[in-house]
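According to TrEMBL, the protein carries these features:
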{"type": "DOMAIN", "residues": "174-318", "note": "domain 'GAIN-B'"}
{"type": "DOMAIN", "residues": "322-578", "note": "domain 'G-protein coupled receptors family 2 profile 2'"}
{"type": "TRANSMEM", "residues": "328-351", "note": "transmembrane segment"}
{"type": "TRANSMEM", "residues": "363-383", "note": "transmembrane segment"}
{"type": "TRANSMEM", "residues": "403-427", "note": "transmembrane segment"}
{"type": "TRANSMEM", "residues": "434-457", "note": "transmembrane segment"}
{"type": "TRANSMEM", "residues": "480-503", "note": "transmembrane segment"}
{"type": "TRANSMEM", "residues": "529-548", "note": "transmembrane segment"}
{"type": "TRANSMEM", "residues": "554-577", "note": "transmembrane segment"}
Amino acid sequence: DGAICIQPCSPSFHGETSFFCQDRKWRMFTDACASLDVQSLFQPVHGKPGDGSKYFGADDHGNNNCQADFSCIIPDILSSPVIPGNIADIVELLKNISLLLSENVSRGKMQSYSRIANHILNSSIISSWAFVRDRNAGSILLDSVNLFAGKLLLRNGSESIQEDFISTKGYSIHKKTSGKSFDFSMEFNNTGNITGHIVIPEEELLKLPKTSKAISIAFPTLGAIIETSQLDPGFVNGMVLSVSLPEELRHILLTFEKVNKLENTKAQCVGWHSAERRWDNRACTMKSDNISSVVCICKHHHRTFKSFSILMSPTMLRNAVLDYITRVGLGFSIFSLVLCLIIETVVWHHVTKTEITYMRHFCLVNIATSLLIADVLFILAAIVHNTALNYQLCVAATFFLHFFYLALFFWMLTLGLLILYGLLFIFFKITRSVFIATAFFIGYGCPLVISILTVAITEPKNGYLRSGACWLNWYETKALLAFVVPALSIIVVNVLVVVVVVVKTGRSSVGEGCKSQDLSNMIRISKNVALLTPLLGLTWGFGLATIVDSRSLAFHVTFALLNAFQGFFILLFGTLLDRKTREALRMSCLSSKRKCSLAKVKISSPPSK
């Protein structure tokens, strides 16, 4: 009856109403849907090209504007929010269009198809793909586009259809063509353009028995999207370039401009294995590699290898040793922090009799509490990401993780300022109430403001989360700077605090010539530095070394050891090595033993007559 029905009103992955159902129970493009199978375009289909005309309401002569280019569905799709549930819906729609409407793909059809695909390939929404329920959605999209574009009809021997994040080009080729090439220059991450170049060698063209066509599609962002669904992904460092060629043509030459132009990083030419849905290095061999581009020779196969790209070895080393250190360290750190808080509770009244000791232990308890919560959230964030529970839960985990790690650093800053206060302002007294108010403002107020501003500024643009993890984004919005800048600034301040402590400690022996006194002074200085380093967060400074030389396993192991075991260091240097805490703990133990002994005596004593 000329009806075009797209999607029944069913909840999306996030429990939200999908974009096709915002206005009424069934999204209809005409008023007569009752007689059609309205779910057809969103359910698995097994038809053949050409069967789709009945779903798009063509009459007996096949005359229907929407069937010609299905442009009627584009406004609703482009106005829809790009949330994971809608991404899955659009991928399913494109898949079914490819299966049902890929006969005689005109320029109009290809333009409409490209506009729909472009909507979910935007670089600003890559992080949303991590929460699409179907982990193969990116691969399905790639196969669907390749299938549909491969049926593109060429006008006057060539065609070119350009969108921001997908570009399609086609040429007529024959054996007398001298080396046909495709050139692409496209935007990536709103920071500039990357290029790709495909050449069909002349010796390959000589194999053609008749005039044929060659189609190529370029995707600047699809590589990063596919990464989000891989369990152990390589880093796609260029465009994904797809080709549709006659079966006689087997070898092509591809040039990829690198997205990250880093020195001393090994590039790898790969092809996407459509059946196994993974990158396969057997499809390509590398011809040349320099700092800005890679040239690959790849084998085209119409069933398996039609899409190609380059992978980059990760700049952050992923090593089984580091994973093991992190797991063991976090577990031991959590146990140590719980023990630290228990000890502080037991000895609190004994060690907080003076104002300065009260302030010190107050900071220590909040440092331990912030790190304990942050470590637990770190584990929970990893679980949330690995199980892909939902996007909002990952945002919440990232927010609180960001807040409590910042709180850790700001309480370390508070402790550093307290040490300076004790050393430099001997005659200036601060009341307990003023200290508590100031400490809470610095320790929790500042992190709360930074965390709220970060999520408020970046989340509306889908730039809060990084791709593939429940943590702050870096490549698109640089949201990670909201953690890195405060943390490094506090480390610098606390380094200055340690320098002041060293100077003050060393000044007491100036002028004394006794070697034993010098040795005692050096031991005292070393002890102070060792005590203050984990309490003031200076171990995080080793993270700078991993940035300077990201390929050094030694730097990564050192950083992982020092920070994964930071809870243990706080227990050791902040609690167990403190003389007053040990004395108070011993007194509490003796008092407990005495009470137990008295209780036993009372129980064993015979009742008086």
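Every residue, even glycine, has its Cβ placed from backbone N, Cα and C.
Those TrEMBL annotations? Automatic predictions, nothing curated.
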- Message: Please report, as numbers and ranges, the same-chain residues at least 6 past the borders of the transmembrane segment (363-383) whose CB is under 8 Å from any CB of it.
- Response: 330, 333-334, 337-338, 340-341, 344, 394, 397-398, 400-401, 404-405, 407-408, 411-412, 414-415, 418, 439, 443, 469-471, 535, 566-567, 570, 574-575
- Note on the structure: For the domain 'GAIN-B' (174-318), the DSSP helix/strand/coil residue counts are 13 helix, 69 strand, 63 coil
- Note on the structure: With the cut-off at Cβ under 8 Å and a gap of six or more residues from its ends, the chain residues touching the transmembrane segment (434-457) are 355, 359, 362-363, 366, 370, 395, 399, 402-404, 406-407, 410-411, 413-414, 417, 464, 472, 479, 482, 486
- Considering pairs 6 or more residues apart, do the transmembrane segment (328-351) and the transmembrane segment (554-577) have at least three CB pairs under 8 Å? yes
- Same-chain residue ranges lying at least 6 outside the transmembrane segment (403-427) that approach it to Cβ under 8 Å: 356, 359-360, 363-364, 366-367, 370-371, 373-374, 377, 439, 442-444, 446-448, 450-451, 483, 486-487, 490-491, 493-494, 497, 500-501, 504, 532, 535-537, 540
- Task: Would you mind giving the whole-number mean pLDDT across the domain 'G-protein coupled receptors family 2 profile 2' (322-578)?
- Result: 83
